[in-house]
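Just below is one structure, and these are the notes that go with it.
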Amino acid sequence: MSKIVAITETGHEIHQKGEVLELRRAGKLARTLKLAELEQLWLFGQVEITHAALMALLERGVDVVLLTKGGSFRGRLLGRASRHVELRACQYRNLSRPEFSLEIAKNIVEAKIKNQRHLALRAQATLGDESLSEALGELRVLANQVPQVATREELLGLEGSAARVYFGIFGKLIKNPLFSFSQRTRRPPRDPVNACLSFGYVMLTTLVEGEVAAAGLDPMLGAFHQPEYGRPSLALDIVEEFRALIVDAVTIRLINRRQLVPADFGSPSEALGQDQLIADADDSGAVYLLERGRKIFIREFLARLREEVFDPREGIHTDWRGIIRGQVYRFARAIKGEGPYVAFVQR
């Protein structure tokens with residue numbers, strides 16, 4: 001599978017030279033990238049790109065993603081728009097039917113809860129923490145209740161209950177005494193663990209949105225997340241299946257293995273410098289990853305995507321990117337009426 005490459009240091013210039021991109025910094029060659037091996041190029045902060053390089057990327061269908069220095073998504077550059085008009089027509093038509101959307105949404109939420117439980121169960125086995133047992137039982141009960149719900153409001157209630165249980169024990173999965181976690185906080189994150197989760201969820205959404213667009217689906221119209229101006233609802237739907245399995249797992253690994261240290265986190269002014277686009281209206285007490293921490297997190301996140309995983313439905317070994325891409329195409333088949341959507345649950 002082609003590469004995702006992240007350019008995290010500001011001040012780089014990207015030039016084209018034949019079938020290669022040259023990354024230059026202060027006039028010196030820092031790195032080369034083969035165009036044929038690129039699928040997504042993530043640019044953080046002030047990275048300059050020449051017209052020739054941009055045209056080469058667009059001609060080859062490389063997804064160019066623009067983010068702030070701190071990791072806030074700002075946009076993406078795609079080549080020719082999707083030609084899958086009939087698929088999108090099916091998407092608009094079928095997802096406007098409440099009963100159709102609800103069945104898919106139930107599948108997604110059930111998988112999300114089961115995957116949260118899977119991560120906690122693995123942690124219990126690794127850490128030997130029997131205090132997680134009660135919460136694991138509650139998550140099992142909540143997941144089993146999902147198929148019986150009859151309304152979206154009921155589904156949201158179950159999902160919220162599961163989130164409270166899951167994040168109520170998440171702090172017990174952090175075994176590094178230099179870090180603690182008491183509750184999920186976002187917009188802005190209030191502690192280092194939340195900073196990792198928020199940053200990672202943006203990375204995951206960025207990846208999934210690109211896969212959704214490449215498959216010919218409209219990222220803005222989903223089944224579980226309601227349409228909202230500027231929100232990639234379908235991408236967020238599929239992200240729900242993988243939050244725990246990818247982002248939460250990476251966060252726990254980096255902190256427990258002490259690959260991240262408290263000095264890798266700071267205030268908005270420390271983290272962003274002149275790049276204040278990520279800052280919330282009320283960012284007092286906010287905590288963000290600093291440049292070294294962002295590099296470490298991105299490296300581990302991309303490594304996680306390359307890890308081998310077994311897909312029991314297909315009976316094959318692939319990597320997490322392959323699993324995500326498979327879910328996008330399963331969604332497309334469900335939209336076309338070729339069978340129900342079955343969300344991914346790790347065994």
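Sequential numbering from 1, following the chain as shown.
Here the Cβ of each residue, glycine as well, is placed from N, Cα and C on the backbone.
These numbers come from a predicted model, not from an experiment.
What TrEMBL annotates here:
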BINDING   GLU159, HIS225, GLU240  Mn(2+) binding site
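A map of TrEMBL features onto the structure.
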residue: GLU159; record: Mn(2+) binding site; contacts (Cβ under 8 Å, 6+ apart): VAL109, LYS112, ILE113
residue: HIS225; record: Mn(2+) binding site; contacts (Cβ under 8 Å, 6+ apart): ARG231, SER233, LEU234, LEU236, ASP237
residue: GLU240; record: Mn(2+) binding site; contacts (Cβ under 8 Å, 6+ apart): ILE108, VAL109, ALA111, LYS112, PHE224
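Within 8 Å of the centroid defined by the CB atoms of GLU159, HIS225, GLU240, the record's Mn(2+) site, lie the Cβ atoms of ALA105, ILE108, VAL109, LYS112, PHE224, LEU236, ASP237, excluding the listed residues themselves.
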